[in-house]
């Protein structure tokens, strides 16, 4: 059971002052982590209701690992933590933006960002180095 009220219909969802996340059919919501200082997009992950609630309560980015089927506190094992500075939802509340203070690399490859490859003319080029 989710700790959040259900989403509203139509434009009422766009204008409500209440947090009413719209989780998908798997109970998940997209979560984008962005560096609060630079604005760089760091990663895309997923949250279920429990992960979102824990993030709100603790100020530490907590995600849902689809591969492990378990909660994942960013940096719990790697030390590469995300302190949440600001938390936002998009217009219809089906995506979350976490503005974070990142310690260490955000990517499991030890890069600052998971978005370290640029597509140019259908070819990938690397933009970031692993630590």
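Using the three backbone atoms N, Cα and C, a Cβ is placed for every residue, glycine included.
The Mg(2+) binding site annotation in Swiss-Prot covers 90, 92, 94. According to Swiss-Prot, the Zn(2+) binding site annotation covers 91, 107, 114.
The DSSP secondary structure for residue 90 (Mg(2+) binding site) is coil. Distance from the CA of residue 107 (Zn(2+) binding site) to the CA of residue 94 (Mg(2+) binding site) is 23 Å.
All protein chains shown were included, and the count of other CB atoms within 10 Å of the CB of residue 114 (Zn(2+) binding site) stands at 18. A C-beta separation below 8 Å, combined with a sequence spacing of at least six in one chain, links residue 92 (Mg(2+) binding site) to 7, 13, 14, 22.
Cα spacing between residue 107 (Zn(2+) binding site) and residue 90 (Mg(2+) binding site): 23 Å, rounded to the nearest whole number. When the Cα atoms are compared, residue 114 (Zn(2+) binding site) and residue 90 (Mg(2+) binding site) turn out to be 21 Å apart. Residue 90 (Mg(2+) binding site) has a Cβ environment of 14 other Cβ atoms inside 10 Å. In this view, the densest Cβ surroundings among the binding-site residues 91, 107 belong to 107, judged by other Cβ atoms lying within 10 Å. Residue density at residue 94 (Mg(2+) binding site): 16 other Cβ atoms are found within 10 A of its Cβ, drawing on all protein chains shown.
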